[in-house]
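This is the structure I have questions about; it appears just below.
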Amino acid sequence: MAHDLSDYRKSYEKRELLESNCPENPIELFRDWFFVADESEMVDEANAMTIASIGLDGFPKSRVVLLKRYTWEGFIFYTNYNSEKGKAILNNNRVCLSFFWSGLEQQIIIKGTAEKLAENLSDGYFESRPDGSKLGAWASEQSEVITSREELDQRLASFEKQFENKEIPRPKHWGGFIVKPVSIEFWQGRPNRMHDRIRYTLQKDFSWKLERLAP
Ligand SMILES: Cc1cc2nc3c(=O)[nH]c(=O)nc-3n(C[C@H](O)[C@H](O)[C@H](O)COP(=O)(O)O)c2cc1C
């Protein structure tokens, strides 16, 4: 079987990224781009991002998670610490986040180090989730092999019973990671493959060095 996609070609011409529009701190630029993406009808789930980590098997693996908060310090998402990604990150905390907002012809690539979020912050976020999601965190041994869909549904039913009319606490194996950036690259599609790429790299004095990269 061969499915030839070599004729697929799109010209990117919606926006540009010039140094004159780049603030000193990349989080500010992230905030500006995120705001536009979030408001745009051309972007579905602006906060969906890919996180790549190096697995215990030595292979990189990426998967989508949801950005739940960002601050001057970093980018926060929630997951199961015992999942494949959780174990990978706890073994090697160097990760890469990326956003691709096709409708805006934009990509953002963030390299950084991930740390477990403070317990009280994970507690706070967990409390804000609907009960169904809370129970899901208990029921799913994320990334483990299971025998069937029924097994999963039965686990959910048993936790529903266990926590009936009770407050559902955060499982200790579930919580947030904060990814503290060391470099952030902003990519804006331009015509003729002459895209704009601006990379910020964190310096020892915590300032950011800004460089333009060839597309
Ligand atoms: C749009 C979308 C959002 C997702 N959000 C999360 C999330 O915030 N946290 C999470 O653990 N998994 C999330 N997932 C599921 C992950 O992609 C992945 O299947 C899961 O975390 C297990 O990955 P792992 O086995 O590599 O650890 C999301 C998937 C999609 C498609």
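In case you wondered, yes, glycine gets a Cβ from its N, Cα and C as well.
Since the structure is predicted, the reported quantities are computational estimates derived from the model, not experimental observations.
For reference, TrEMBL lists these features for the protein:
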BINDING   Arg9, Lys10, Ser11, Tyr12, Lys68, Tyr125, Arg129, Ser133, Arg193, Met194, His195  substrate binding site
BINDING   Arg63, Val64, Val65, Leu66, Leu67, Lys68, Tyr78, Thr79, Lys85, Gln107, Gln142, Ser143, Trp187, Arg197  FMN binding site
DOMAIN    41-156  domain 'Pyridoxamine 5'-phosphate oxidase N-terminal'
DOMAIN    174-215  domain 'Pyridoxine 5'-phosphate oxidase dimerisation C-terminal'
At the Cα level, what's the spacing in Å between Arg9 (substrate binding site) and Val65 (FMN binding site), rounded?
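One finds 28 Å between the Cα atoms of these residues.
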Provide the three-state secondary structure of Lys85 (FMN binding site) computed with DSSP.
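Lys85 (FMN binding site) sits in a helix per DSSP.
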Report the nearest neighbour of Ser11 (substrate binding site) in space among the binding-site residues Val65, Tyr78, Lys85, Gln142, Trp187, comparing Cα positions.
Trp187
Taking the Cα of Tyr78 (FMN binding site) as the centre, which of the binding-site residues listed as Lys68, Arg129, His195 lie within 10 Å of it?
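Among Lys68, Arg129, His195, the ones whose Cα sits within 10 Å of that of Tyr78 (FMN binding site) are Lys68.
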Quick one: of the binding-site residues Arg129, Arg193, His195, which has its CA closest to the CA of Leu67 (FMN binding site)?
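Going through Arg129, Arg193, His195 one by one, the Cα closest to that of Leu67 (FMN binding site) is Arg129.
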Would you count the other CB atoms within 10 A of the CB of Arg9 (substrate binding site), including those on all shown protein chains?
7
State the three-class DSSP label for Arg129 (substrate binding site), counting H, G and I as helix, E and B as strand, and everything else as coil.
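Assignment for Arg129 (substrate binding site) reads coil.
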Helix, strand or coil for Arg193 (substrate binding site)? Use DSSP.
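Assignment for Arg193 (substrate binding site) reads helix.
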Quick one: of the binding-site residues Arg9, Arg63, Lys68, Arg193, flag those whose CB is under 6 Å from ligand 1, and say none if nothing qualifies.
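The binding-site residues passing the 6 Å Cβ test are Arg63.
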Which numbers of helix, strand and coil residues does DSSP report for the domain 'Pyridoxamine 5'-phosphate oxidase N-terminal' (41-156)?
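Here the numbers are 38 helix, 41 strand, 37 coil.
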Can you check what DSSP calls Trp187 (FMN binding site), collapsed to helix, strand or coil?
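The three-state answer is strand.
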To see if you understand the setup: which same-chain residues, six or more apart in sequence, place their Cβ under 8 Å from that of Arg63 (FMN binding site)?
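Once residues fewer than 6 apart are set aside, Arg63 (FMN binding site) is near Thr50, Ile51, Lys85.
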Tell me the Cα distance separating Trp187 (FMN binding site) from Arg129 (substrate binding site), rounded to the nearest angstrom.
33
Within 10 Å of each Cβ, count the other Cβ atoms, then let me know which of the binding-site residues Arg129, His195 comes out lowest.
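Ranked by other Cβ atoms within 10 Å, the binding-site residues Arg129, His195 bottom out at Arg129.
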